[in-house]
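Data first, discussion second: the structure below is written as C-alpha coordinates.
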Amino acid sequence: MNPNQKLFALSGVAIALSVLNLLIGISNVGLNVSLHLKGEGVKQENNLTCTTITQNNTTVVENTYVNNTTIINKGTNLKAPNYLLLNKSLCSVEGWVVIAKDNAIRFGESEQIIVTREPYVSCDPSGCKMYALHQGTTIRNKHSNGTIHDRTTFRGLISTPLGTPPTVSNSDFICVGWSSTSCHDGVGRMTICIQGNNDNATATVYYNRRLTTTIKTWAKNILRTQESECVCYNGTCAVVMTDGPASSQAYTKIMYFHKGLIIKEEPLRGSARHIEECSCYGHDQKVSCVCRDNWQGANRPIIEIDMSTLEHTSRCVCTGVLTDTSRPGDKPNGDCSNPITGSPGAPGVKGFGFLNGDNTWLGRTISPRSRSGFEMLKIPNAETDPNSRIIERQEIVDNSNWSGYSGSFIDCWDEANECYNPCFYVELIRGRPEEAKYVWWTSNSLIALCGSPVSVGSGSFPDGAQIQYFS
(Lines of atoms letter the chains of each structure in order from A; the text may use other names.)
(Lines give C-alpha, C1' and ligand atoms only; values in the text may rest on other atoms or scores of the structure.)
Protein backbone atom coordinates (compact mmCIF):
# COMPACT_ATOMS: atom_id res chain seq x y z
CA MET A 1 0.00 0.00 0.00
CA ASN A 2 1.51 3.33 -1.04
CA PRO A 3 1.65 6.30 1.37
CA ASN A 4 -1.43 7.98 -0.11
CA GLN A 5 -3.50 4.84 0.37
CA LYS A 6 -2.33 4.54 3.99
CA LEU A 7 -3.30 8.15 4.60
CA PHE A 8 -6.80 7.65 3.16
CA ALA A 9 -7.28 4.47 5.22
CA LEU A 10 -6.27 6.14 8.50
CA SER A 11 -8.49 9.12 7.74
CA GLY A 12 -11.45 6.83 7.17
CA VAL A 13 -10.88 5.06 10.48
CA ALA A 14 -10.62 8.42 12.31
CA ILE A 15 -13.86 9.65 10.74
CA ALA A 16 -15.64 6.44 11.74
CA LEU A 17 -14.44 6.73 15.34
CA SER A 18 -15.50 10.38 15.49
CA VAL A 19 -19.00 9.53 14.26
CA LEU A 20 -19.25 6.74 16.83
CA ASN A 21 -18.14 9.07 19.63
CA LEU A 22 -20.67 11.68 18.48
CA LEU A 23 -23.48 9.12 18.56
CA ILE A 24 -22.51 8.05 22.09
CA GLY A 25 -22.47 11.70 23.22
CA ILE A 26 -25.93 12.31 21.74
CA SER A 27 -27.28 9.24 23.54
CA ASN A 28 -25.79 10.52 26.83
CA VAL A 29 -27.50 13.88 26.43
CA GLY A 30 -30.80 12.13 25.78
CA LEU A 31 -30.35 9.96 28.85
CA ASN A 32 -29.52 12.97 31.06
CA VAL A 33 -32.52 14.95 29.85
CA SER A 34 -34.90 12.04 30.38
CA LEU A 35 -33.59 11.41 33.90
CA HIS A 36 -33.81 15.10 34.74
CA LEU A 37 -37.40 15.38 33.50
CA LYS A 38 -38.32 12.21 35.37
CA GLY A 39 -36.86 13.65 38.60
CA GLU A 40 -38.82 16.86 38.19
CA GLY A 41 -42.03 14.90 37.75
CA VAL A 42 -41.77 13.23 41.16
CA LYS A 43 -43.85 15.04 43.77
CA GLN A 44 -43.21 14.56 47.48
CA GLU A 45 -45.33 15.91 50.30
CA ASN A 46 -42.66 16.58 52.92
CA ASN A 47 -39.07 16.72 51.64
CA LEU A 48 -37.89 18.05 48.28
CA THR A 49 -35.40 15.91 46.33
CA CYS A 50 -33.05 17.54 43.86
CA THR A 51 -30.89 15.74 41.28
CA THR A 52 -27.43 17.07 40.50
CA ILE A 53 -25.88 15.87 37.21
CA THR A 54 -22.16 16.18 36.58
CA GLN A 55 -20.76 15.18 33.19
CA ASN A 56 -17.29 13.60 33.14
CA ASN A 57 -15.35 11.24 30.91
CA THR A 58 -17.06 8.15 32.34
CA THR A 59 -20.74 7.63 33.07
CA VAL A 60 -21.93 5.39 35.91
CA VAL A 61 -25.61 4.42 35.75
CA GLU A 62 -26.69 1.59 38.07
CA ASN A 63 -23.11 0.27 38.16
CA THR A 64 -22.96 -0.07 34.35
CA TYR A 65 -19.93 1.69 32.87
CA VAL A 66 -20.32 3.44 29.53
CA ASN A 67 -17.84 5.67 27.79
CA ASN A 68 -17.99 9.44 28.40
CA THR A 69 -21.08 9.42 30.68
CA THR A 70 -22.51 11.06 33.81
CA ILE A 71 -22.45 10.68 37.60
CA ILE A 72 -25.86 11.30 39.20
CA ASN A 73 -25.98 12.52 42.80
CA LYS A 74 -29.19 12.92 44.79
CA GLY A 75 -29.56 15.03 47.92
CA THR A 76 -32.52 15.61 50.23
CA ASN A 77 -33.31 18.97 51.82
CA LEU A 78 -33.89 18.82 55.58
CA LYS A 79 -37.14 19.99 57.10
CA ALA A 80 -37.26 23.58 58.31
CA PRO A 81 -36.49 23.94 62.05
CA ASN A 82 -39.42 24.32 64.41
CA TYR A 83 -39.89 26.32 67.60
CA LEU A 84 -39.40 24.47 70.87
CA LEU A 85 -42.79 23.70 72.47
CA LEU A 86 -41.81 22.43 75.96
CA ASN A 87 -44.33 19.62 75.60
CA LYS A 88 -42.61 17.06 77.85
CA SER A 89 -42.37 16.53 81.61
CA LEU A 90 -39.13 16.07 83.55
CA CYS A 91 -37.65 12.60 83.60
CA SER A 92 -37.47 10.68 86.85
CA VAL A 93 -33.93 10.73 88.26
CA GLU A 94 -32.31 8.19 90.59
CA GLY A 95 -28.80 9.67 90.51
CA TRP A 96 -26.41 11.94 88.63
CA VAL A 97 -23.55 11.15 86.25
CA VAL A 98 -20.78 13.41 84.95
CA ILE A 99 -21.06 14.22 81.23
CA ALA A 100 -18.26 16.83 81.01
CA LYS A 101 -15.33 18.19 83.04
CA ASP A 102 -13.00 20.71 81.42
CA ASN A 103 -10.12 20.80 83.99
CA ALA A 104 -9.41 24.37 82.88
CA ILE A 105 -7.18 25.34 85.82
CA ARG A 106 -5.07 22.17 85.59
CA PHE A 107 -4.49 22.86 81.89
CA GLY A 108 -3.86 26.52 82.74
CA GLU A 109 -0.62 25.75 84.57
CA SER A 110 1.10 25.37 81.19
CA GLU A 111 -1.48 26.29 78.53
CA GLN A 112 -2.94 29.68 77.61
CA ILE A 113 -6.33 29.22 79.30
CA ILE A 114 -8.72 32.19 79.41
CA VAL A 115 -9.71 33.57 82.82
CA THR A 116 -13.47 33.17 83.26
CA ARG A 117 -16.24 33.11 85.81
CA GLU A 118 -20.04 32.75 85.83
CA PRO A 119 -19.99 29.78 83.41
CA TYR A 120 -23.11 27.90 82.34
CA VAL A 121 -24.29 25.34 79.80
CA SER A 122 -26.90 25.86 77.09
CA CYS A 123 -28.06 23.52 74.33
CA ASP A 124 -29.55 23.85 70.84
CA PRO A 125 -30.57 21.35 68.14
CA SER A 126 -26.91 20.67 67.28
CA GLY A 127 -25.71 20.03 70.86
CA CYS A 128 -24.59 21.73 74.07
CA LYS A 129 -21.86 24.31 74.73
CA MET A 130 -20.31 26.04 77.69
CA TYR A 131 -20.83 29.79 78.01
CA ALA A 132 -18.76 31.95 80.34
CA LEU A 133 -17.80 35.57 81.00
CA HIS A 134 -14.11 36.04 80.23
CA GLN A 135 -11.83 38.63 81.84
CA GLY A 136 -9.87 39.65 78.76
CA THR A 137 -6.77 37.73 79.78
CA THR A 138 -5.28 34.29 80.29
CA ILE A 139 -4.32 32.78 83.64
CA ARG A 140 -0.54 33.15 83.14
CA ASN A 141 -0.89 36.68 81.74
CA LYS A 142 0.03 39.56 84.09
CA HIS A 143 -3.36 41.11 83.35
CA SER A 144 -4.95 38.30 85.39
CA ASN A 145 -4.01 40.29 88.50
CA GLY A 146 -7.27 41.73 89.86
CA THR A 147 -9.70 39.43 88.05
CA ILE A 148 -11.54 38.91 91.33
CA HIS A 149 -13.63 41.94 90.31
CA ASP A 150 -16.99 41.06 88.74
CA ARG A 151 -17.65 44.08 86.55
CA THR A 152 -14.93 45.44 84.28
CA THR A 153 -14.90 46.83 80.75
CA PHE A 154 -12.75 43.90 79.59
CA ARG A 155 -15.36 41.20 80.16
CA GLY A 156 -17.45 39.47 77.52
CA LEU A 157 -19.41 36.31 76.82
CA ILE A 158 -17.69 33.44 75.02
CA SER A 159 -18.73 29.89 74.17
CA THR A 160 -16.58 26.78 73.90
CA PRO A 161 -17.21 23.08 73.22
CA LEU A 162 -18.57 21.49 76.38
CA GLY A 163 -15.78 19.75 78.29
CA THR A 164 -13.01 21.72 76.58
CA PRO A 165 -11.06 24.40 78.53
CA PRO A 166 -11.44 27.88 77.01
CA THR A 167 -8.52 29.11 74.92
CA VAL A 168 -8.18 31.99 72.48
CA SER A 169 -8.26 29.56 69.56
CA ASN A 170 -11.33 27.51 70.55
CA SER A 171 -13.50 30.25 72.09
CA ASP A 172 -16.26 31.93 70.15
CA PHE A 173 -16.91 35.57 71.08
CA ILE A 174 -20.60 36.37 71.62
CA CYS A 175 -20.99 39.85 73.16
CA VAL A 176 -19.42 42.40 75.52
CA GLY A 177 -20.62 42.47 79.12
CA TRP A 178 -20.30 41.35 82.74
CA SER A 179 -23.70 39.65 83.14
CA SER A 180 -25.44 37.40 80.63
CA THR A 181 -28.04 34.85 79.64
CA SER A 182 -28.59 32.92 76.42
CA CYS A 183 -31.13 30.43 75.04
CA HIS A 184 -32.22 28.78 71.77
CA ASP A 185 -35.86 28.78 70.62
CA GLY A 186 -35.41 25.93 68.14
CA VAL A 187 -34.86 28.29 65.20
CA GLY A 188 -32.33 30.82 66.51
CA ARG A 189 -30.39 31.81 69.62
CA MET A 190 -31.10 34.88 71.73
CA THR A 191 -28.35 36.30 73.93
CA ILE A 192 -28.36 39.17 76.43
CA CYS A 193 -25.21 40.85 77.77
CA ILE A 194 -25.09 43.74 80.24
CA GLN A 195 -22.35 46.35 80.02
CA GLY A 196 -21.44 49.78 81.35
CA ASN A 197 -21.27 51.58 84.68
CA ASN A 198 -22.94 50.23 87.80
CA ASP A 199 -25.30 53.20 87.97
CA ASN A 200 -26.00 53.44 84.24
CA ALA A 201 -25.76 49.98 82.67
CA THR A 202 -27.24 48.82 79.36
CA ALA A 203 -28.43 45.38 78.29
CA THR A 204 -27.78 44.49 74.65
CA VAL A 205 -30.03 41.85 73.09
CA TYR A 206 -28.98 39.71 70.12
CA TYR A 207 -30.84 37.20 67.98
CA ASN A 208 -28.73 34.97 65.76
CA ARG A 209 -25.70 37.19 66.45
CA ARG A 210 -27.42 40.40 65.32
CA LEU A 211 -28.21 43.23 67.72
CA THR A 212 -32.00 43.54 67.99
CA THR A 213 -32.66 45.92 70.89
CA THR A 214 -31.19 47.47 74.03
CA ILE A 215 -32.53 47.91 77.57
CA LYS A 216 -31.39 50.73 79.83
CA THR A 217 -31.12 50.45 83.60
CA TRP A 218 -34.42 51.16 85.38
CA ALA A 219 -33.12 51.47 88.95
CA LYS A 220 -29.55 52.67 88.31
CA ASN A 221 -28.03 49.98 90.53
CA ILE A 222 -26.27 47.15 88.66
CA LEU A 223 -28.78 45.91 86.11
CA ARG A 224 -28.20 42.14 86.02
CA THR A 225 -29.64 38.89 84.72
CA GLN A 226 -29.52 35.13 85.23
CA GLU A 227 -25.90 33.97 84.61
CA SER A 228 -27.38 30.77 83.14
CA GLU A 229 -29.62 29.87 80.24
CA CYS A 230 -33.05 31.37 79.69
CA VAL A 231 -35.89 29.24 78.26
CA CYS A 232 -38.08 29.58 75.14
CA TYR A 233 -41.54 28.29 74.21
CA ASN A 234 -43.08 28.55 70.74
CA GLY A 235 -40.70 31.36 69.77
CA THR A 236 -41.08 33.36 73.01
CA CYS A 237 -38.16 33.47 75.45
CA ALA A 238 -38.61 34.38 79.13
CA VAL A 239 -35.81 36.19 80.97
CA VAL A 240 -35.56 37.32 84.60
CA MET A 241 -33.73 40.61 85.15
CA THR A 242 -33.11 42.60 88.34
CA ASP A 243 -31.99 46.16 89.03
CA GLY A 244 -31.50 47.65 92.47
CA PRO A 245 -29.78 46.93 95.79
CA ALA A 246 -28.29 43.52 96.54
CA SER A 247 -29.10 43.77 100.26
CA SER A 248 -32.51 45.46 100.29
CA GLN A 249 -35.60 45.83 98.11
CA ALA A 250 -34.71 45.55 94.42
CA TYR A 251 -36.79 45.74 91.23
CA THR A 252 -37.19 42.54 89.25
CA LYS A 253 -38.90 42.08 85.88
CA ILE A 254 -39.88 39.02 83.91
CA MET A 255 -39.37 39.96 80.27
CA TYR A 256 -40.65 38.12 77.21
CA PHE A 257 -38.83 38.26 73.86
CA HIS A 258 -39.59 37.10 70.33
CA LYS A 259 -36.61 37.02 67.98
CA GLY A 260 -34.76 39.34 70.35
CA LEU A 261 -37.53 41.95 70.62
CA ILE A 262 -39.50 42.65 73.80
CA ILE A 263 -43.16 41.67 73.48
CA LYS A 264 -44.14 41.91 77.16
CA GLU A 265 -42.67 42.65 80.57
CA GLU A 266 -44.04 42.10 84.08
CA PRO A 267 -42.87 43.41 87.45
CA LEU A 268 -42.25 40.65 90.00
CA ARG A 269 -45.47 39.29 91.48
CA GLY A 270 -46.06 36.93 94.37
CA SER A 271 -44.44 36.55 97.77
CA ALA A 272 -40.74 36.35 96.81
CA ARG A 273 -38.85 39.26 98.41
CA HIS A 274 -35.57 39.37 96.52
CA ILE A 275 -34.63 37.77 93.19
CA GLU A 276 -31.20 37.36 91.61
CA GLU A 277 -29.41 34.92 89.29
CA CYS A 278 -32.31 32.59 88.51
CA SER A 279 -31.65 29.07 87.22
CA CYS A 280 -34.54 28.23 84.89
CA TYR A 281 -35.70 25.14 82.99
CA GLY A 282 -38.70 24.33 80.81
CA HIS A 283 -41.33 21.59 81.03
CA ASP A 284 -45.06 21.10 80.39
CA GLN A 285 -45.38 24.49 78.63
CA LYS A 286 -44.00 26.18 81.75
CA VAL A 287 -40.73 27.69 82.89
CA SER A 288 -39.62 27.07 86.49
CA CYS A 289 -36.87 29.20 88.04
CA VAL A 290 -34.99 28.64 91.30
CA CYS A 291 -33.26 31.86 92.32
CA ARG A 292 -31.02 33.59 94.87
CA ASP A 293 -32.25 35.81 97.69
CA ASN A 294 -29.24 37.98 98.44
CA TRP A 295 -31.11 40.05 101.02
CA GLN A 296 -32.74 37.83 103.64
CA GLY A 297 -33.67 34.24 102.92
CA ALA A 298 -31.59 31.06 102.99
CA ASN A 299 -34.57 29.24 101.45
CA ARG A 300 -34.53 29.87 97.73
CA PRO A 301 -37.26 31.91 96.00
CA ILE A 302 -38.91 30.35 92.96
CA ILE A 303 -40.73 31.79 89.94
CA GLU A 304 -43.29 29.81 87.94
CA ILE A 305 -44.02 31.14 84.43
CA ASP A 306 -47.00 29.98 82.36
CA MET A 307 -45.69 30.32 78.81
CA SER A 308 -49.12 29.89 77.23
CA THR A 309 -50.44 33.02 78.99
CA LEU A 310 -47.10 34.81 79.61
CA GLU A 311 -47.90 35.30 83.28
CA HIS A 312 -45.98 34.34 86.42
CA THR A 313 -46.13 33.99 90.17
CA SER A 314 -43.40 33.70 92.83
CA ARG A 315 -42.89 32.27 96.31
CA CYS A 316 -40.29 30.26 98.23
CA VAL A 317 -39.31 26.61 98.15
CA CYS A 318 -41.38 25.24 101.04
CA THR A 319 -38.96 22.75 102.60
CA GLY A 320 -37.00 23.54 105.75
CA VAL A 321 -33.89 22.07 104.09
CA LEU A 322 -32.02 25.26 103.22
CA THR A 323 -29.92 25.43 100.06
CA ASP A 324 -28.39 28.92 99.87
CA THR A 325 -24.91 29.80 101.13
CA SER A 326 -24.36 31.17 103.74
CA ARG A 327 -27.22 29.54 105.67
CA PRO A 328 -28.27 28.55 109.18
CA GLY A 329 -28.97 24.92 110.03
CA ASP A 330 -31.86 23.09 108.39
CA LYS A 331 -35.26 23.68 109.98
CA PRO A 332 -37.86 21.08 111.00
CA ASN A 333 -40.48 23.16 109.19
CA GLY A 334 -40.12 25.33 106.13
CA ASP A 335 -42.03 28.35 104.85
CA CYS A 336 -43.62 28.67 101.41
CA SER A 337 -44.16 32.43 101.55
CA ASN A 338 -41.49 34.05 103.70
CA PRO A 339 -37.69 34.05 103.79
CA ILE A 340 -36.05 31.90 106.46
CA THR A 341 -33.34 33.93 108.16
CA GLY A 342 -30.67 33.18 110.72
CA SER A 343 -26.95 33.41 111.26
CA PRO A 344 -25.06 33.05 109.02
CA GLY A 345 -27.50 34.29 106.40
CA ALA A 346 -26.67 36.70 103.59
CA PRO A 347 -25.29 37.18 101.01
CA GLY A 348 -25.97 34.00 98.99
CA VAL A 349 -24.79 32.12 95.90
CA LYS A 350 -26.37 31.18 92.59
CA GLY A 351 -28.03 27.76 92.82
CA PHE A 352 -30.76 25.59 91.34
CA GLY A 353 -33.27 22.80 91.87
CA PHE A 354 -35.60 20.55 89.89
CA LEU A 355 -39.10 20.78 91.37
CA ASN A 356 -40.80 17.59 90.25
CA GLY A 357 -43.11 16.30 92.97
CA ASP A 358 -41.84 13.02 94.43
CA ASN A 359 -38.72 13.33 92.26
CA THR A 360 -37.61 16.77 93.44
CA TRP A 361 -33.85 17.36 93.72
CA LEU A 362 -32.10 20.42 95.19
CA GLY A 363 -28.40 21.27 94.96
CA ARG A 364 -26.28 23.08 97.56
CA THR A 365 -22.74 23.57 98.82
CA ILE A 366 -21.81 21.11 101.56
CA SER A 367 -20.42 23.89 103.74
CA PRO A 368 -23.13 26.16 105.18
CA ARG A 369 -20.68 29.06 105.40
CA SER A 370 -18.43 28.96 102.34
CA ARG A 371 -18.52 27.90 98.70
CA SER A 372 -16.95 24.50 99.24
CA GLY A 373 -18.19 21.03 98.41
CA PHE A 374 -21.40 20.27 96.54
CA GLU A 375 -24.22 17.80 97.06
CA MET A 376 -27.53 16.84 95.48
CA LEU A 377 -30.46 16.17 97.80
CA LYS A 378 -33.60 14.28 96.89
CA ILE A 379 -36.46 15.88 98.83
CA PRO A 380 -39.92 14.73 97.67
CA ASN A 381 -42.41 17.59 97.30
CA ALA A 382 -39.91 20.17 98.58
CA GLU A 383 -41.63 22.87 96.53
CA THR A 384 -45.02 22.38 98.27
CA ASP A 385 -44.49 20.59 101.61
CA PRO A 386 -42.96 22.54 104.54
CA ASN A 387 -42.29 19.23 106.34
CA SER A 388 -40.47 17.54 103.45
CA ARG A 389 -37.17 15.89 104.31
CA ILE A 390 -34.07 14.47 102.59
CA ILE A 391 -34.43 10.84 101.50
CA GLU A 392 -31.31 10.57 99.34
CA ARG A 393 -27.98 12.37 99.06
CA GLN A 394 -25.25 12.27 96.40
CA GLU A 395 -21.91 14.00 96.89
CA ILE A 396 -20.62 15.72 93.75
CA VAL A 397 -17.59 17.59 95.16
CA ASP A 398 -16.17 16.76 98.60
CA ASN A 399 -16.10 19.51 101.21
CA SER A 400 -12.30 19.86 101.14
CA ASN A 401 -12.53 21.38 97.64
CA TRP A 402 -13.95 24.64 96.35
CA SER A 403 -17.17 24.94 94.40
CA GLY A 404 -19.08 28.09 93.38
CA TYR A 405 -22.11 28.96 91.29
CA SER A 406 -24.37 26.20 90.00
CA GLY A 407 -27.30 26.14 87.62
CA SER A 408 -29.67 24.02 85.57
CA PHE A 409 -29.85 23.20 81.87
CA ILE A 410 -31.76 20.72 79.70
CA ASP A 411 -31.07 19.34 76.23
CA CYS A 412 -34.65 19.72 74.98
CA TRP A 413 -33.67 18.34 71.56
CA ASP A 414 -32.64 14.90 72.82
CA GLU A 415 -35.19 12.86 70.87
CA ALA A 416 -34.10 9.61 72.53
CA ASN A 417 -36.13 10.51 75.62
CA GLU A 418 -39.88 10.90 75.96
CA CYS A 419 -39.20 13.33 78.81
CA TYR A 420 -36.71 16.13 79.53
CA ASN A 421 -33.64 14.82 81.34
CA PRO A 422 -32.53 17.33 84.02
CA CYS A 423 -28.90 18.44 83.90
CA PHE A 424 -26.81 20.88 85.93
CA TYR A 425 -23.33 22.34 86.15
CA VAL A 426 -21.11 23.38 89.05
CA GLU A 427 -18.54 26.17 88.82
CA LEU A 428 -15.28 25.22 90.54
CA ILE A 429 -13.68 28.53 91.56
CA ARG A 430 -9.93 28.78 92.17
CA GLY A 431 -7.64 31.64 93.17
CA ARG A 432 -8.71 34.69 95.11
CA PRO A 433 -10.19 35.26 97.63
CA GLU A 434 -9.73 31.81 99.21
CA GLU A 435 -6.29 31.16 97.71
CA ALA A 436 -4.84 34.68 97.71
CA LYS A 437 -1.67 33.30 99.34
CA TYR A 438 -0.65 31.73 96.04
CA VAL A 439 -2.11 33.74 93.14
CA TRP A 440 -3.56 37.13 92.18
CA TRP A 441 -6.21 35.84 89.80
CA THR A 442 -9.71 34.35 90.11
CA SER A 443 -10.95 31.81 87.58
CA ASN A 444 -12.82 28.53 87.36
CA SER A 445 -13.23 25.14 85.77
CA LEU A 446 -16.59 23.47 85.20
CA ILE A 447 -18.27 20.12 85.71
CA ALA A 448 -21.60 19.14 84.14
CA LEU A 449 -23.90 16.29 85.15
CA CYS A 450 -27.18 14.79 83.92
CA GLY A 451 -29.80 12.59 85.50
CA SER A 452 -29.71 8.80 85.44
CA PRO A 453 -32.92 6.71 85.49
CA VAL A 454 -31.19 4.10 87.67
CA SER A 455 -29.09 4.40 90.81
CA VAL A 456 -25.43 5.30 90.37
CA GLY A 457 -22.16 4.86 92.24
CA SER A 458 -20.24 7.50 94.18
CA GLY A 459 -17.34 9.85 93.49
CA SER A 460 -16.01 13.35 94.02
CA PHE A 461 -15.09 15.51 91.04
CA PRO A 462 -13.18 18.61 92.26
CA ASP A 463 -11.20 21.06 90.13
CA GLY A 464 -8.01 19.19 91.01
CA ALA A 465 -5.36 21.82 90.25
CA GLN A 466 -2.41 22.17 92.64
CA ILE A 467 -2.59 25.92 93.19
CA GLN A 468 0.97 26.13 94.55
CA TYR A 469 2.25 25.23 91.06
CA PHE A 470 1.19 28.73 89.97
CA SER A 471 3.25 30.55 92.62
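We count from 1, first residue shown onward.
Any Cβ shown, glycine's included, is placed from N, Cα and C.
Of the listed candidates (Asp243, Asp324, Asp330), Swiss-Prot assigns Asp324 to the same Ca(2+) site as Asp293, Gly297. In the three-state DSSP reading, Asn401 (N-linked glycosylation site) counts as strand. For the region 'Hypervariable stalk region' (36-87), the model's pLDDT averages out at 52. Figure note: comparing Cβ neighbours within 10 Å for the recorded positions Asp150, Asp324, the maximum is reached by Asp324.
DSSP gives Asn200 (N-linked glycosylation site) a strand state. The Cβ of Asp293 (Ca(2+) binding site) has 24 other Cβ atoms within 10 Å, all protein chains considered. Of all the recorded positions in the record (Asn87, Asn145, Asp150, Asn401), the one with the smallest CA separation from Asp324 (Ca(2+) binding site) is Asn401. Its Cβ placed at the centre, Asn234 (N-linked glycosylation site) has 16 other Cβ atoms within 10 Å. Closest in space to Asp150 (active site, proton donor/acceptor), of the recorded positions given as Asn87, Asn234, Asp293, is Asp293, taking the CA atom of each residue.
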